[in-house]
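Visitor: Structure provided below as structure tokens; questions to follow.
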Amino acid sequence: MVAVLTGITVLPAPPAATRATPHPSPGAASAGPAGGVPGGDRGHRGRRGHLRPVPGAVVRAVDIPDRPWEQGHRGVDLAAAPGDPVRASAAGTVVFAGNVAGTPVVSVDHGGGLRTTYEPVVADVRRGDVVTRGAVIGRLADVTTLPPTARRGPGLSWGARIRDPASPDGRYIDPMSLFGRPTVRLWA
């Protein structure tokens, strides 16, 4: 038997995307054009409408602990270099853009109880900005210039959290699950 993965295409990074909309007017209902990336997202989009914030490979997988206070890794690290653009994985509203323990962080609420977080990212957006899928939200920080308290891992750390009635802070999920699973077809 031969296993063939379908639906996986390796293409160059997506073209420049629509920028964040600074401080939307009250009642603004649209998060921008569908997709947010002129010409499409060129193969980086997940089945659930998300795309990778950077095109790099996974360098450290998620390791979500059983209990919220336990040690673990609540996101996935993707290969990227300092200064690389970091894109919103889906449309949403920026709910945080600032520093946490010396690490620059951006968080986007995508509605429906889903929030994604990107670090270390020097923000090009501010709290309240509406972003489209693929919009540049910032640039990967150079960790060598950050204080000793800052995150020191490789590349971009991308996390995802969903609302959970059992936990006031929500529940972390593997952000790679936002892509669904590849289709595997077997031929005899």
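Glycine residues also receive a Cβ, built from the backbone N, Cα and C atoms like all the rest.
From TrEMBL, for reference:
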- 14-54: region 'Disordered' (REGION)
- 16-32: compositional bias 'Low complexity' (COMPBIAS)
- 72-162: domain 'M23ase beta-sheet core' (DOMAIN)
Visitor: Within the domain 'M23ase beta-sheet core' (72-162), what mean pLDDT does the predicted structure show?
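Guide: Per the prediction, mean pLDDT sits at 94 for the domain 'M23ase beta-sheet core' (72-162).
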Visitor: Tally the residues of the domain 'M23ase beta-sheet core' (72-162) by DSSP class, grouping H, G and I as helix, E and B as strand, and everything else as coil.
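Guide: The composition, in the requested order, is 3 helix, 49 strand, 39 coil.
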